[in-house]
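This is the structure I have questions about; it appears just below.
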Amino acid sequence: MVSTYRVAVLGARGVGKSAIVRQFLYNEFSEVCVPTTARRLYLPAVVMNGHVHDLQILDFPPISAFPVNTLQEWADTCCRGLRSVHAYILVYDICCFDSFEYVKTIRQQILETRVIGTSETPIIIVGNKRDLQRGRVIPRWNVSHLVRKTWKCGYVECSAKYNWHILLLFSELLKSVGCARCKHVHAALRFQGALRRNRCAIM
């Protein structure tokens, strides 16, 4: 049986979220930054542990605020489909403090607008541009501790430029989404467990 998962990728301008997606799908990277101005949909099929998953990856342009309801979601063409995904990937640039603040704000808004009684939607925080480690503005341990211990989210650092931890990111994403119904196991713990197992490949 093929599972279908919708995933939203969000982040401030220039953090490299589209580069992450394209590196994952096409194994390519461009030094030229082309801002995302409209929602882009990618439909890859991924095999993990012998199971096929159809992904609907929604790459969104930077949004000023997360839509508080369905009416607001569909009133803005850039936000359509944002509230009905199975997981969120929130990307920031490890060399840009403002991009982390953006992720912090969007995450909080996602939690505040979540419909009461609905199941937990996994949120994974991604620190991109790991290849620019010397320009890091927040120590990795500080961010990791905040995200995993306080926010209870998964955390991965990657480099879209060098394809470092890109496949790992999406492998753990699939695992987290698949375990989202395990209500008695914390999301962050599920994610960390996934880091030690499972492999995926694009068809």
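Any Cβ shown, glycine's included, is placed from N, Cα and C.
According to Swiss-Prot, the GTP binding site annotation covers 11-18, 59-62, 128-131, on the basis of similarity to another entry. According to Swiss-Prot, the S-geranylgeranyl cysteine annotation covers Cys200. What Swiss-Prot records for 1-203 is region 'Small GTPase-like'. Annotated motif 'Effector region' per Swiss-Prot: 33-42, in sequence order.
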Apart from its near flanks, which chain residues at least 6 from the ends of the motif 'Effector region' (33-42) lie with a Cβ under 8 angstroms of it?
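Distant contacts of the motif 'Effector region' (33-42): 13-14, 17-18, 21, 25, 55-62, 77-78, 80-81.
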Taking the Cβ of Val15 (GTP binding site) as the reference point, list residues of the same chain whose Cβ is under 8 angstroms away and which are at least six residues distant in sequence.
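Same-chain residues close to Val15 (GTP binding site) (Cβ under 8 Å, separated by 6 or more) are Val91, Tyr92, Asp93, Cys96, Ser99, Asn128, Lys129.
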